[in-house]
Amino acid sequence: MSNETSHVHSSTVSVPHETHHEVHHGHHHETFLTKYVFSQDHKTIAKQFLITGMFWALLGGLFSVIFRLQLGFPDAKFPWMEALLGEWAKGGQLQAEAYYALVTMHGTVLVFFVLTAGLSGTFSNFLIPLQVGARDMASPFMNMLSYWFFFIASVVMLSSLFVQTGPFSGGWTAYPPLSALGEASPGSKVGMDLWLVSMALFVVSSLLGGLNYIATVLNMRTKGMSMTRMPLTIWAFFFTAVLGVLSFPVLFSGFILLIFDRHFGTSFYLSDIYINGQALPNEGGSAILYQHLFWFLGHPEVYIILLPAMGMASEILSVNSRKPIFGYMAMIGSLFAITILAFLVWAHHMFVTGLNPFLGAFFVLLTLLIAVPSAIKVFNWLTTIWRGNIRFTPAMLFALGFVSLFISGGLTGIFLGNSALDIQLHDTYFVIAHFHIVMGVASMFGMFAGIYHWYPKMYGRYLNNTLGYIHFWITMVGAYLIFWPMHYEGLAGMPRRYYKYDIWESFKQFGELNKFISIVAIIVFLVQILFIFNFFYSIWKGRKVTTQNPWGANTLEWTTPINPGHGNWDGEIPEVHRWAYDYGKDGQDHIAQTVPVGANESKH
Amino acid sequence: MEKVMSSERTQKMHPHRFTLWVAIGSISMMFAGFTSAYIVKSNQAGWQAVQVPKIFYLSTVLMIASSVTVFLAQKAMKGREMARYRLLISATVILGLAFVATQFIGFTELWANKITFSESVAGSFFYIITGVHALHVAGGIIALTVLFFRAYNSKTKYYSTAPVETAGLYWHFVDILWIYLFVFFLLVS
Ligand code: HEM
Ligand SMILES: [Cu+2]
């Protein structure tokens, strides 16, 4: 296929292909264990995050298929389900308890393990050293620890699926009292303890990673790579890390209090509770306190998930339009504004908790303000591709899909941000539709775009394009078919997190629609398996990359050898002389960052 | 490995120190979370504040003294006065241990006065917030102890000031954090 540009061997490639190996550095012999398992090479760690994330995406996706079957076909019996899930699907019918467990695990896994660890963990790790011109992270050892904490967190979470009382089932937000009282539900017992241990390990992993990303971006840039010459990907990863480092500890403090409520008899979140007619002794606590602590992380978290996708989309849109990014400084400014605002809007998740309406008004204002930097970004993406020489690679398609989804999902955010409208919309399918489109699917698209685009750098081979196009189109159409109708259900008041809707006459009208949604969800899930097949097949059998810079891009990662070793560049780290977006300038297709500014060059 | 370490760029700040600064921001956010939760709760009906135990004044003195000794230890290291350095580091470790001990005594006192997890929400906050701080002090003690033993290892003729400066920065941080918490509990009570 015609992905490769023909101008690769122009003067813009400044680092010779295979420079001689520097003997005096000495070959340290790497065993299988240090090279692939306990590796400190940021590129290997990135792949470890990616593959672990893909495992979780597959499992989390499978969960959603199973509970969608329940929602679409509440009366049907699936004997195979009993074979697969045993007690959970007695008589081939998913049990209510199992339904809640699956919904909870789906949310937890997708938000934290796939779209946080799988996304930032993969691409911050992979791209930060390569694009700022560093041999590795500031602390490769801490970086390795970051992965292994994530790995252990994964094992613990996975193990909670196999305990007798089942995994936690009180929703991904883990509100007390369901999360604080073991007697509240089966999933609130061991399952919740494992959930907490796993999440605590996960927070440690995120913090170790985030510290490293920040330190690397600020301290390890190569000569000439000033902050304002960094690609937007790096800016996005940087702000993502800042968000994580400042908000995860607050969640952690909330978890500590929760652990004490669960096991040591404190009453931070508990007050006046009856279980089975029995009054509990706890007094003076407040469940709302947990919500504040949770959403103080929770809202920044949604941007932790989104910003990397934004950064990668910016880069991929520019490269594949053969045009400079429009409004580079405005892009950084809006990332910055989003980062600040992300800390100031958490209570928009709590409009109906009895929040003081006066306070609510401020949160409405600040929430709606986010629309401004978001709109700036959208405007700049559209003007970047405007009249460009667009190359519709799979990566580019996913980046375009990302922009489309971000617009659609962002618009519904403006509905929800109004506290008065939110009284009707809160906890309905409207919210589900909103955040799946704007965060879930959009960030998945950012991730897919990143994988298709940087796969050649990761594995020295291409992903299969035809499979890529199939993957894109079915996922794109499918995502809208799944989530668009949910807006209508939500506007009609259909609540989320319900096992069955048969007691409501008014929601009977959505029976067929729910079937439709479930069927599309299954198809989309199957296409993701196709992608995973493509991924692994191409590692060994994909078309080989034969040129250093297959996309004709300006950034530094394409100046490394096709299969870079630990340390990335064979010789000196190249020096940087310009920003990353000189495409189509002065009649040149692209000018790499390593090319000195010529005497007669025009300004950008 | 060597390849990775040789950074081509001269750094203004030692990378570990820099990373520590970011971590300090992170830890501060955790305590900001705790103390703002405390403020929110203290405005609600039925709130009964706890009296800060008297021995916590002593804790404060110990903590400030240990900050001074760690500061002097850094200077001693810079001047290559190894004997003095070891002495000051051990003084810091002992002061740190004494701090943790006074915290523990204060906790027992409170607990004896019926300020328990099930009886007092304010008390629960108090135990957890100061307890988590004490854990951070314990972490600092471990780091300093490692440095102390390293200073005895005569094989390393490598006098780098970076580790002690990093550990010192952390120590000053837990000191300032303590003063913040102490004043906080005195004022909000
Ligand atoms: C113009 C921008 C946005 C506005 C005004 C907005 C507003 C809101 C509001 C008010 C809610 C709470 C609804 C409720 O529970 O009743 C909400 C939920 C949510 N939003 Fe947004 N949002 C915006 C963009 C985003 C973005 C960009 C993301 C993610 C990248 C996101 C992710 C979420 C998530 C995950 C939830 C639901 C969490 C849950 O309850 O489980 N939103 N949004
Ligand atoms: Cu939010």
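Glycine residues also receive a Cβ, built from the backbone N, Cα and C atoms like all the rest.
For A:1-16, the entry in TrEMBL reads compositional bias 'Low complexity'.
The domain 'Cytochrome oxidase subunit I profile' annotation in TrEMBL covers A:32-577.
What TrEMBL lists as region 'Disordered' is A:1-20.
Annotation source TrEMBL lists transmembrane segment at A:49-71 (among others). Sequence-remote contacts of a segment are chain residues at least 6 beyond its ends whose Cβ falls under 8 Å from one of its Cβ atoms, and for the transmembrane segment (A:49-71) they are 78, 81, 85, 94, 99, 102-103, 105-106, 109-110, 113-114, 117-119, 121-122, 125, 147, 150-151, 154, 451, 499, 514, 517-518, 521-522, 525, 528-529, 532, 535.
The transmembrane segment annotation in TrEMBL covers A:98-123 (among others). Remote same-chain partners of the transmembrane segment (A:98-123), defined as residues 6 or more beyond its termini with a Cβ less than 8 Å from a stretch Cβ, comprise 45-47, 49-50, 52-54, 56-57, 59-60, 63-64, 66-67, 70, 85, 88-89, 146-147, 150, 153-154, 157, 161, 166-173, 185, 187, 191, 195, 199, 202, 205-206, 209, 213, 233, 237, 240-241, 244, 301, 304-305, 308-309, 312, 439-440, 443-444, 446-447, 450, 454, 497, 499.
Long-range Cβ contacts of the transmembrane segment (A:144-163) within its own chain (Cβ-Cβ under 8 Å, at least 6 residues beyond either end) map to 38-40, 45, 48-49, 52, 56, 105, 108-109, 113, 117, 121, 190-191, 194-195, 197-199, 201-202, 204-206, 208-209, 212. Summarising the annotation, TrEMBL assigns transmembrane segment to A:144-163 (among others).
As annotated by TrEMBL, transmembrane segment applies to A:194-220 (among others).
What TrEMBL lists as transmembrane segment is A:232-260 (among others).
Sequence-distant neighbours of the transmembrane segment (A:293-313) (same chain, 6+ residues past either end, Cβ-Cβ under 8 Å): 111, 115-116, 119-120, 123-124, 173-175, 231-237, 239-240, 243-244, 246-248, 250-251, 253-254, 257, 335, 338-339, 342-343, 345-350, 377, 381, 399, 402-403, 406, 435, 438-439, 442-443, 445-447, 449-450, 453. Residues or ranges marked as transmembrane segment in TrEMBL: A:293-313 (among others).
For the transmembrane segment (A:325-346), the list of distant contacts is 228, 232, 235-236, 239, 242-243, 246-247, 292, 295-296, 298-300, 302-303, 307, 310-311, 314-315, 317-318, 363, 366-367, 369-370, 372-374, 376-377, 379-381, 383-384, 386, 579, 581: same-chain residues at least six beyond its ends, Cβ to Cβ under 8 Å. Annotated transmembrane segment per TrEMBL: A:325-346 (among others), in sequence order.
Taken from TrEMBL, the feature transmembrane segment applies to A:358-383 (among others).
Proximity of distant same-chain residues to the transmembrane segment (A:395-417), defined by a Cβ-Cβ separation under 8 Å and at least 6 residues beyond the stretch ends, is recorded for 306, 309-310, 312-313, 316-317, 320, 348, 364, 367-368, 370-371, 374, 378, 381-382, 385, 425-426, 430-431, 433-439, 441-442, 445-446, 448-450, 452-453, 469, 472, 475-476, 479-480, 487. What TrEMBL lists as transmembrane segment is A:395-417 (among others).
Cβ atoms under 8 Å from those of the transmembrane segment (A:429-455) belong to residues 50, 110, 115, 118-119, 122-123, 126-127, 302, 305-306, 308-310, 312-313, 315-316, 319, 393-396, 398-399, 401-402, 405-406, 408-410, 412-413, 415-416, 461-463, 468, 471-472, 475, 479, 482-484, 486-487, 489-491, 494-496, 531, 535, 538, 542, 551, 557 of the same chain, restricted to positions at least 6 beyond its ends. Residues or ranges marked as transmembrane segment in TrEMBL: A:429-455 (among others).
Among the features that TrEMBL reports, transmembrane segment is placed at A:467-486 (among others). Proximity of distant same-chain residues to the transmembrane segment (A:467-486), defined by a Cβ-Cβ separation under 8 Å and at least 6 residues beyond the stretch ends, is recorded for 393-394, 397-398, 401, 404-405, 408, 429-430, 432-433, 436-437, 441, 445, 448, 452, 513, 516-517, 520-521, 523-524, 527-528, 530-531, 533-534.
Positions annotated as transmembrane segment by TrEMBL: A:516-537 (among others).
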Sequence-distant residues near the transmembrane segment (A:194-220) by C-beta distance (under 8 Å, 6 or more away from its ends) are 108, 112-113, 116-117, 120-121, 124-125, 128-129, 132, 134, 137-139, 142-143, 145-147, 149-150, 152-154, 156-157, 159-160, 163, 167-168, 174, 179, 230, 234, 237-238, 240-242, 244-245, 248-249, 251-252, 255, 258-259, 262
